[in-house]
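Report on the structure given below.
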Amino acid sequence: MTENITINMPEIVPLYPLREIIAFPYMVFTIFLKQEDMPPFEEAVLFNNLVALVKLREEPTGELFPALHEIGTLCKVMQINKLAGGGAKVVLEGVIRVRLLAIVQQTPVALSRLEPVREFAEKSMVSEALVGSLNALLKIALSYGRPLPDDVMKMIDFIDNPARLSDLVALYLNLPIDELQKLLETVDPLERLKKVYMHLTNEVQRLQIKGEVQAEVTKKVGKSQKEFLLREQMKQIQEELGEEDSRLGEANELRSKVESAHMPEDVRRIAEKEMRRLERINPASPEYTVSRTYLDYLTTIPWQVSTPDNRDINQAETILNEDHYDLKKVKERILEYLAVRSLKDKMKGPILCFVGPPGVGKTSLGKSIARTLGRKFIRISLGGMRDEAEIRGHRRTYIGALPGRIIQEINRAGSNNPVFMLDEVDKIGADFRGDPASALLEVLDPEQNFSFTDHYLDVPFDLTNVMFITTANQLDPIPAPLKDRMEVITLSGYTDEEKLNIAKSYLVAREVEENGLASMAPQFTDEAIYRVTHDYTREAGVRNLQRNIASICRKIAKEVAQGKKARPIVNPETVSELLGAPKFFDEVASEKDRVGVATGLAWTESGGDIIFVEATKMKGKEDLILTGSLGEVMKESVRAALSFVKANCAELGIDKKMFDETTLHIHVPAGSIPKDGPSAGITMATAIVSLFSGRAARRDVAMTGEMSLTGRVLAIGGLKEKVLAARRAGVKKVLAPAKNKKDLEDIPENVKNELEFFFVEDIREVFVQALNPTSPAPTAATSARTPAGAPPPQ
């Protein structure tokens, strides 16, 4: 059937291009226009109040026609109301679809030539079914809250025309403007009805999902409101019964802790702000636990809690001597601190760094200092630490965040002035998580640590009352800025006499007690302890000495448990019987004087040691072979020594031609142990001169010193450890740089009496003292000796 519409449509009609809306037939709508858009509607009076509304495809850049869609709507101007500010409100009614044929005039008013679009809608079972389904679906959509005006609702119930129904329903679908234009351009009413039905089906599905979500939300909100009401009722009941809300009680408890924590004023303000925030948080929320834990830390940290110092210097000295033998420098420094503290109440805590080989008592000394001062003792190991957060903590935004180890340990100690030991500071690592050594810069700087800010606490904490003690085996790995902040105290290795006293005073009694021999305590003779020290240990400290004494005690305990009689005395024979064959021997004493082999002294983080530099030559092209895992510095020392020898062949009694046809090989056993450092320079030169001159190097002479290219002997470090190593190895004479003569003060008198010291300024003096004069000796320069020094060998 054909939709019959009687309208007197002129051949030419004014045109208004649409941008934001689509006009459908039978649609009554209002648009608001600016003054410059009014001409087409004012001109419509001349064209039976008709105007064509056609949507723009795109903004016109020249001619208007190509920018317009082909299908639009012919509308009737119902009313024009002028607005006070300019422009007008225009009421329009859609009449029919029209096809744009041409633009006959573009300015000042666009005039268009149109033709009506005839719509044919034959009544059929399909169209009737679609109309019925669309009406039913529309009512379902309306049940989800999509309201339509009452007059429209009444109209829909009586419309059975597919063309009119599809246009009317399309107006109220929430479709994009391009989809509406496609519906307008669908001329076949049945096809248009199918599209509208499809869009309405999607809209109903969307409304169903939205309704389900809203129902779920409403259910949850209702449950929350119900819980809230029940809690309020429970609170009222508790108040009537005189009981207190658990949450309120928890908040009151925290508030009283904040008030009694004696926090600094700025920290107190932050704590009170966090308290107010906590009171507003639901206890079931994860944020509640985070806030509660933070407040617990703030209120338990010892902001003003200090341990009173023991200022009795005599008593402090007694305690230090009870716990440790010797270590005069450290004890003197602690007593100095106590003396100043007794004169000045408020002072910054010292930051000490104990450097020395393992087993010399660095860590146990920290405990002794804490006992001396009457303070709490804290120790954390920094060895292998790579995460900066271990020092500074994590920010509270991270799950499971906690303060750093500094704040945690001070909080655990319950005092703001403990003795805090940072062990193994030379073994800190660094990776992508940061550098803990850099984080320690603030902790160990007396000028900054009064306001140390942990990332978790996010408030400053005063560390100036803390006595920080760090320990290290060597200084080189410690970053220079960190080293600069610490007062370095070097702990040297022990002499045999010191080890004997330590064993008698501390180690034997401790191991006898720990191994259940207190009632039958065996007596260790001095000779037995010396046998253990000399034949079963080779160390700077006393750790292995303690292990061997413990081993002897365990073996005696085993004999007692087997029914044997306890040994009342432990003598050297007992030691050999229980510990087996000796593990160490006097390396030098067992050697012979050899050509090309010189004895040097080295320093390691485990103490002093002796090294043998071996030189040999082979016929061949001039070359230098270096083996023994030598570092770059040591290799350069060899080259410098070789260059000196070549340059002074005549003076040293060596044929220079020998170098032209000789391959020189330098080796330092043991080959698997890396070695480096400059102090073996004179040893290298002595081995080379011994080899090419044929003069054997004395086995009982050990040397240490860096050599320059001109033969000057330069100062070295670690002389005490090297001298003790020489003594352990059976060396009789030690050659050292003249500039190290001052270091003799650190060497015990009994050691100085056992060894002969010869201090040299020039390498030629070394050759005189270290090489046997089996061939013409080189000219010697004047030597610097100790007063007790022996004359050079004859």
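The backbone N, Cα and C atoms fix where each Cβ goes, and this holds for glycine too.
Remember, predicted model here, so these are calculated numbers, not experimental data.
Taken from Swiss-Prot as is:
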{"type": "ACT_SITE", "residues": "Ser679", "note": "active site"}
{"type": "ACT_SITE", "residues": "Lys722", "note": "active site"}
{"type": "COMPBIAS", "residues": "774-788", "note": "compositional bias 'Low complexity'"}
{"type": "DOMAIN", "residues": "592-773", "note": "domain 'Lon proteolytic'"}
{"type": "REGION", "residues": "774-794", "note": "region 'Disordered'"}
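Other C-beta atoms found within 10 angstroms of the C-beta of Lys722 (active site) number 28, with every protein chain shown included. Counting every protein chain shown, the number of other Cβ atoms lying within 10 Å of the Cβ of Ser679 (active site) is 27. Mean predicted confidence for the domain 'Lon proteolytic' (592-773): the pLDDT average there is 88. Recorded residues Lys722 (active site) and Ser679 (active site) have their alpha carbons 11 Å apart, per Cα-Cα distance.
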